Amino acid sequence: MASADSRRVADGGGAGGTFQPYLDTLRQELQQTDPTLLSVVVAVLAVLLTLVFWKLIRSRRSSQRAVLLVGLCDSGKTLLFVRLLTGLYRDTQTSITDSCAVYRVNNNRGNSLTLIDLPGHESLRLQFLERFKSSARAIVFVVDSAAFQREVKDVAEFLYQVLIDSMGLKNTPSFLIACNKQDIAMAKSAKLIQQQLEKELNTLRVTRSAAPSTLDSSSTAPAQLGKKGKEFEFSQLPLKVEFLECSAKGGRGDVGSADIQDLEKWLAKIA
């Protein structure tokens, strides 16, 4: 037994001894190599590693193909969902579950997205948002522009939570606030809706920060919405929030075409 061990040591430790000549040769080659050439090789390797890392990030991003349509009940998101997929008008009703379908975007790359229409009912919307948010490439928050004045507090409450959740994701989604029902005479403009939402969200974050903290020290503090000590603006967020106007129903009612061209362009841009 002892003689066998002695032979193993003499041979260079088995498998290690087999590769030792190659390692010695490599070491000698590196020592004899021109330092300039060695620097070039190291630089090329660094570039290759960077490209591999970038490709991994891109593939992770490309695997997120979901676009979440969220909003209050009767905001018109389900009709938007139908219009994007079929171009046709259809009577819709409040749903208690999600609907999803593949959407081919209108660009020269032939990309596709998965549209997911989430329920707008107060008791369900956060539950479904939690289920799908990690797969979101983009979030389209649909607002009823005609009913906005009376719903502004409810809209801001839900939007506050959606923004906080989006900021906490590893891959921050693209974010759009679609001001729907612009065909109605009393509809508010996207600019006015943005201004009023900024005021409401500013009030909300003040009241939320003043609320007593939990006794559970293990719980993490919620993300800060905007810059502390300044009036809230969407431009302060780490994600870009865009606004546009649209009309899922269209100016001619049930028989007319929808005014969603800007929304289609936005989806093509983020696909």
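Placed from the backbone N, Cα and C atoms, the Cβ positions cover glycine too.
Taking Ser62, Ser112, Ser213, Ser257 one by one, Swiss-Prot attaches phosphoserine to Ser112.
Record note: of Thr25, Thr36, Thr214, Swiss-Prot gives the feature phosphothreonine to Thr214, with no matching annotation on the rest. In this structure, Cys73 is the one among the binding-site residues Cys73, Leu79, Ala248 with the smallest number of other Cβ atoms inside 10 Å of its Cβ.
Comparing local CB density within 10 A for the recorded positions Ser75, Gln93, Ser95, Ser112, the maximum falls on Ser75. Long-range Cβ neighbours of Lys77 (GTP binding site) (same chain, at least 6 residues apart, Cβ-Cβ under 8 Å): Leu69, Val70, Gly71, Asp117, Gly120, Val140, Val142, Asn180.
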